[in-house]
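Features of the protein shown, as given by Swiss-Prot:
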type: BINDING; residues: 63, 65, 83, 99, 124; note: S-adenosyl-L-methionine binding site
type: ACT_SITE; residues: 164; note: active site, proton acceptor
type: DOMAIN; residues: 191-209; note: domain 'TRAM'
């Protein structure tokens, strides 16, 4: 019985996915994912990226955000990306495959960043969801806490942080912490984000270091 439910749910999700206008648009424009349009909408509102910037992309695969960022920052810019999943190469993107929660992977990522601070840290990380919010939300919050820890280590003064967060237990405290570290903080729900999803994007600008 449970198997049939999962199958029906999966079929419904796939049907919605392929009918999604942003999925169709991404496919037509040969983009890595619909997430490209989420970041584009944020950029139109908040102007995070400029030519020559250095950007860290956490949870990068399949590469929609890295693809967008490198187009914004140009040949003189640099994207350092990390994901537990494989990602096809993108010109200008330095990709590290590994689990960001692993200390060795984190150290390898920090080595790639180097001593110079970065301009933007962005995270589209999400756990594998079980369908049980009591399990999924803490897992998701753990990942966004790690992303914020990364900011504290590598983000330059006045730098920006963009992070996908799932609303639920811990969200308000997390938002409060970000507001204590950045001059300007917005909570965005891009049009390309599915309406019934708990996800929102915290856009934080003016890191106080």
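All residue numbers here begin at 1 and follow the chain in the order shown.
Cβ from N, Cα, C; glycine included.
On a Cα basis, residue 164 (active site, proton acceptor) lies 18 Å away from residue 99 (S-adenosyl-L-methionine binding site). Reduced to three states, the DSSP call for residue 63 (S-adenosyl-L-methionine binding site) is coil. Sequence-distant neighbours of residue 124 (S-adenosyl-L-methionine binding site) (same chain, six or more apart, CB under 8 Å from its CB) are 35, 57, 58, 59, 60, 64, 65, 164, listed in sequence order. When the binding-site residues 83, 99 are scored by other C-beta atoms within 10 Å, 83 scores highest. On the 0 to 100 pLDDT scale, the domain 'TRAM' (191-209) averages 87 in this prediction. If you count neighbouring Cβ atoms within 10 Å for each of the recorded positions 63, 65, 164, the highest count belongs to 65.
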